[in-house]
Amino acid sequence: MDGVSNWPAPSTPTPVHATLTIPGSKSQTNRALVLAALATPQGTSTISGALRSRDTDLMIGALQTLGFDVESVGTDSDLRVGGGLAPAAGARVDCGLAGTVLRFLPPVAALSTETVEFDGDEQARARPIAPLLAGLQSLGVRIDGDGLPFRVRGEGSVAGGTVEIDASASSQFVSGLMLSGALFRDGLTIVHTGESVPSAPHVAMTVSMLRDAGVEVDDTETNRWTVRPGRVAARHWTIEPDLSNAVPFLSAGVVSGGAVRVTGWPAVSTQPAAAIMAILEKVGAVVRQSESYLEVQGTRQYQGFDVDLHDVGELTPAVAALAAVATPGAVSRLRGVAHLRGHETDRLAALSAEINGLGGQCEETADGLVITAAPLHGGVWHSYADHRMAMAGAIVGLRTPGVEIEDIATTAKTLPEFPQMWADMLAGQTATDPEAGA
């Protein structure tokens, strides 16, 4: 990429020992922001521990475009949300490369009385959105276009009712509709008509947060969600650390044979905490959890593993990196992630290209990857403007001298402090989010 310098990924022959504080969850932050905006008729909401990154700043900017007031209170991670839904004529929402903005806000815009245009990065135009837009149209919403850029012609209300949608490409289709469903006149029933919904824990997170905001949701029937009409309550939201962003750091403990501790790990979470721990245990790590932290102790040498990542697809790049630097000859199978071909980039093709480009053995399957660990050599690891790909390259680089990551700055999508936190971890310092404790 022109104008982008490569970042020399640090390597280490010695075990990594570090304690880290990870900034807030992107998934929780952006859901809390949307719910806080929808609750403004009831009052002002506050959010503590919010993630500040490109994705969350895009959400804040988009909500401001729609007329809401979102401001920092004391620190960047403490927010107040007020105002109301009142986009100006000609309003244009910039989605960037944020799937949550792209999929959560068209239903909100439909409740306004203005026409709102949505657009984003060039790469975002390949991200799936047509099923969500078709679902809104079936509810009577007027929409021009079936992909970016498109316009939502708000008429002040949405009738609601039952919508059938194929969400096999993204669980965010379901979450995006549910978040606004209580404000539809008749509420909303969503019926998923396709194959299994990927990243199901994120749908469960949406349901849980809606209930925390006083919204009645019935999810007792598989592939069917009913949101009763009613108010969204204004309240205070506390955001957990982003457990997905913790995985590269925990992986550093695995591949180096060291021990990495993440403070503030929640005892109970709507994030896929249990899945993360189970995956790390599959590679022979010892996982210890207390009321205040999670610690992973690695073995440096470990065998291959077989794992279904359908519900936690965002972890695939990091898990693929773990597989690539396992004991040479170890075979790992990553399954259930065909939907990753529609993420920030085609992550399966990208992982295969980058691992093979460093001398590894990675083959695509219909729904995942088969990786045979092999001695790797240095070279450029391309990020594809994908934060998870860049972080995966850093894991590979720990065990492979001479790896350079193209566009490490793309990690700003969810963790702007990543390069400094990675360096601090390897320097034996305590790596923390600059806002922690402020």
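Cβ coordinates come from backbone N, Cα and C, glycine included.
Cross-referencing LYS26, LYS282 with the phosphoenolpyruvate binding residues that Swiss-Prot gives (GLY99, ARG127, GLN172, ARG347, ARG388, LYS413) picks out LYS26. Overall, the recorded phosphoenolpyruvate-binding residues LYS26, GLY99, ARG127, GLN172, ARG347, ARG388, LYS413 cover a maximum inter-Cα distance of 19 Å. When the binding-site residues ARG31, ARG388 are compared by the number of other CB atoms within 10 angstroms of each CB, ARG31 has the fewest.
Taking the Cα of SER171 (3-phosphoshikimate binding site) as the reference point, the closest of the binding-site residues GLY99, ARG127, ARG388 is GLY99. For ARG347 (phosphoenolpyruvate binding site), the spatially nearest entry among the binding-site residues LYS26, ARG31, SER199 is SER199, judged by CA separation.
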